[in-house]
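**Q** Annotations for this protein, taken from TrEMBL, read as follows:
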- 28-50: transmembrane segment (TRANSMEM)
- 56-75: transmembrane segment (TRANSMEM)
- 96-116: transmembrane segment (TRANSMEM)
- 241-273: region 'Disordered' (REGION)
- 250-259: compositional bias 'Low complexity' (COMPBIAS)
- 260-273: compositional bias 'Basic and acidic residues' (COMPBIAS)
- 428-461: region 'Disordered' (REGION)
Amino acid sequence: MILRKWLVTLAGGRYDVLEQTPTDRLRYTATGGVLLTTAAVAAVSAAFALRMAVRLPWWAALIAGVLWGVVILNLDRLLIVGMTRRAGWWRNIAGALPRVALAVLLGTVISTPLVLRIFQPEIDTELKALQNERNSQYATELEANPRYQVIPDLEKQLADKQTVADRSPDATVAADPGVVAAEAEVKRARAAYDTAQQAATCEIDGTCGTGVPGVAQAAEERRRTRDIALADYETAKSKLDGAQTKAREGAAAASVSARSEAERLRTDVEQRRADRERDRTLFKERLQQAEGLLSRIEALNSLSDKRPRLGLAQFVLFLLFLSLEVLPVIAKLLQLGGPPSTYDQLIDRMEADAKRVAARNAAREEHIADNYAELQAELEHDQAQRQFEAGLEANRMLVDQQAAIAEQAIRRWSEEARRQSERELGEWFRHHGGPRPAAPGAAERTTPFEPVTRPMRPQEG
């Protein structure tokens, strides 16, 4: 009973009215069930999406999924409740189109993670294949990079420089062209000397040449030839020693230069190799991290292109989950396009009664407000009239009091002036002699009011 009331409330119905129409009550209960099912599917879809996209723990993904399900439930309920019957079928369709579009959008958002979850094994395999393909492609791009493309040439230069640096001085001297030429000259001079020496010896022994033993003219000539050959041999040996010394000095300098150049090349090659390896590692890490929703959607699209049947299954599943979201809005639209149900007629009647009651209440409140405004206006008029009369009386009393005060002030000033005049006249007679005449009417003069301690001075002007 409680669940039925709650489902009816979700569908935007009034359970007290639906108690009178069992058929409509079943329809609204079913609609509420569909809304609740859609919200549950949305919650599961959001949990899968958060798990795949940001790798949240399952408990956090479930909590976030439930919150998303509540949001979807409120949106779907708003779409259903906001659809009202209008005059004309085209107006109902025009009013429902934005809601249908929003329902399709929500259905797409909800269905995509579920489809990805259903095809997860195939998507994981395709995702690894795409990663390997991209890794190979990136390796080829690295090899074509000008910075890394020269590494083999630098390695060859490094090997050559290292060979020169590691070669022994004797080998370097022996391979020097000048030394080789000098050695050849020494060998030639030595051979010439040996030949001349043998000819001189055999001439003296009588075993060759003239055949006469002893030192004669022929033996002397052969001795001179031997001495010349010996001098040539000594000169060749001296040139060989000079060439070897020069080659040894050049070999030492070349070894130092080759070793320095080899160190520079080794540093450059190692730095380029380290940069290339770092780029490969970073790319592999990015590939391993790129397993979110977008990568999985791309893998699923790749699978659909390679396997059309899988693409068809994906599309069918997408339509299935999409229909769960769009179905309540379409059902509501079809209901609005048909004749009003008993529940709709009861609701329209109740709304009409409510409008009439509200109109009567508004008219009564307006009448009361008008009467109150009239009484308030009369009250304010009477209050203003009385305030005006009180003001007139106050002004009259104020003027009378001011006249009495002015009269009293004038009388005080007149009395003070008379007294001052009498004092000045008496002083004059005392200084000039003679009796002071009595003031006329002095005996009959009386004070019209009580004397004051400090007489008031009349105002000037």
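Each residue's number is its place along the chain shown, starting with 1.
Placement of Cβ uses the backbone N, Cα and C atoms for every residue, glycine included.
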**Q** For the transmembrane segment (56-75), find every same-chain residue at least 6 residues outside the stretch whose CB is under 8 Å from a CB in it, and list them.
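**A** Counting only partners 6 or more residues beyond its ends, the transmembrane segment (56-75) has Cβ contacts under 8 Å with 10, 35-36, 38-40, 42-48, 50, 102, 106, 110.
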**Q** Any residues 6+ beyond the ends of the transmembrane segment (96-116) with a Cβ under 8 Å from its own?
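**A** Residues 38, 41-42, 44-46, 48-49, 52, 72, 75-76, 79, 82-83, 123, 293, 296-297, 300, 314, 317-318, 320-326, 328-330, 332-333, 336 contact the transmembrane segment (96-116) from elsewhere in the chain.
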**Q** Would you list the DSSP helix, strand and coil counts for the residues of the compositional bias 'Basic and acidic residues' (260-273)?
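**A** Here the numbers are 14 helix, 0 strand, 0 coil.
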